[in-house]
Amino acid sequence: MGCGMSTEEKEGKQRNEEIENQLKRDKLMQRNEIKMLLLGAGESGKSTILKQMKLIHEGGYSRDERESFKEIIFSNTVQSMRVILEAMESLELPLDDQRAEYHVQTIFMQPAQIEGDSLPPEVGNAISVLWKDAGVQQCFQRSREYQLNDSAKYYFDSIDRIAAPDYIPNDQDVLRSRVKTTGITETTFIIGDLTYRMFDVGGQRSERKKWIHCFENVTTILFLVAISEYDQLLFEDETVNRMQEALTLFDSICNSRWFVKTSIILFLNKIDRFKEKLPVSPMKNYFPDYEGGPDYAAACDYILNRFVSLNQHETKQIYTHFTCATDTMQIRFVMAAVNDIIIQENLRLCGLI
């Protein structure tokens with residue numbers, strides 16, 4: 001009887017080799033694949049960061065893609081004016097020029113979703129006239145008292161361009177457009193030798209229970225906080241301060257048993273709006289232990305320390321950046337720094353350093 005391997009044994013050996021080779025390939029792929037989880041409360045800027053990644057690493061948006069944002073931008077603009085006009089009623093603020101009442105009715109007659117290739121001329125004209133009204137401006141200055149999109153002023157100031165029949169959205173128009181994220185979206189980018197898989201999850205409270213258990217093996221968490229919202233209340237619960245909510249959420253993520261070995265990068269975002277607000281809306285009104293007055297650097301230090309001090313793990317480092325997610329040049333620089341951090345973390349996780 002010969003001592004050669006049976007056909008069955010040969011097939012078994014071949015299968016084992018195939019499995020081992022696949023495992024080696026998977027490990028190599030894993031080393032070059034970065035899973036990044038984007039977290040933060042609603043409207044903190046997560047989707048804007050994803051748009052920036054497309055602009056920076058994929059050469060931006062094609063004409064067709066820009067065209068596809070038009071209806072979102074029209075709807076955002078009209079809806080923002082509607083929100084201000086409704087707030088004027090509840091705050092009992094009259095129009096400065098009562099002749100503009102005709103334009104108020106034009107806005108209220110528009111559907112929630114504006115459809116079509118161009119904004120109707122009467123709607124563009126109504127927004128242009130109303131935005132110049134002193135009563136509307138007074139209500140806008142009190143926007144922390146109601147729920148208004150960050151992009152409102154930008155779109156109102158650009159209304160003549162947006163309402164033009166041949167309008168094509170530019171990069172800033174696209175970056176500032178707002179669609180509520182529900183569920184989990186995955187976006188893939190190639191940066192150098194690395195493949196980034198970025199997961200964006202809905203920031204509103206109702207979405208959060210879907211988060212944690214799905215993402216135990218992510219490389220990095222990018223956590224965004226809109227620091228300009230220190231004086232605002234939650235969209236979902238107008239008894240809760242937005243910054244307090246962000247602190248609570250960061251505490252739960254930073255100290256979660258699921259993310260003990262996961263590096264966390266903290267973007268303290270919307271610094272442009274934060275700087276504008278500090279002189280007119282004292283932070284001490286909302287955080288009584290803050291003593292820095294309207295000083296921008298002192299306010300930044302205070303907020304940074306409030307977040308970083310929540311970390312209960314001595315060995316876990318929180319990497320922090322102050323950001324303006326709509327500023328492409330700044331985000332390009334910050335994301336390059338983030339990329340360096342992630343490469344180091346990835347090498348460490350793979351046991352190569």
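Note that Cβ sites are derived from N, Cα and C of the backbone, with glycine treated the same way.
Features as listed in Swiss-Prot:
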| type | residues | note |
| --- | --- | --- |
| BINDING | E43, S44, G45, K46, S47, T48, D150, L175, T181, G203, N269, K270, D272, A325 | GTP binding site |
| BINDING | S47, T181 | Mg(2+) binding site |
| LIPID | G2 | N-myristoyl glycine |
| REGION | 35-48 | region 'G1 motif' |
| REGION | 173-181 | region 'G2 motif' |
| REGION | 196-205 | region 'G3 motif' |
| REGION | 265-272 | region 'G4 motif' |
| REGION | 323-328 | region 'G5 motif' |
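Around the Cβ of S47 (GTP binding site), the same chain contributes R178, V179, T181, D200, each under 8 angstroms and 6 or more positions distant in sequence. Listed in sequence order, S228, C324, T326, D327 are the same-chain residues at least 6 apart in sequence whose CB falls under 8 Å from the CB of D272 (GTP binding site).
Residues of the same chain lying 6 or more positions beyond the ends of the region 'G2 motif' (173-181) and with a Cβ under 8 Å from any Cβ of it are 42-43, 46-48, 51-52, 55, 61, 66, 69, 72-73, 76, 149-151, 154-155, 158, 162, 200-204, 207, 325-326, 328. In this structure, S47 (GTP binding site) is part of a helix by DSSP. Non-local contacts of D150 (GTP binding site) by the CB criterion (under 8 A, 6+ apart in sequence, same chain) comprise E43, R176, R178, S228, K270, R273. For N269 (GTP binding site), the Cβ neighbour count at a 10 Å cut-off comes to 28, with all displayed protein chains included. For G45 (GTP binding site), the same-chain residues lying six or more positions away in sequence with a CB closer than 8 A to its CB are L224, A226, F267, N269, K270, T323, A325. Residue counts for the region 'G5 motif' (323-328) under DSSP, split into helix (H, G, I), strand (E, B) and coil, are 1 helix, 0 strand, 5 coil.
Mean per-residue pLDDT, taken over the region 'G5 motif' (323-328), amounts to 94. DSSP assigns N269 (GTP binding site) to a strand.
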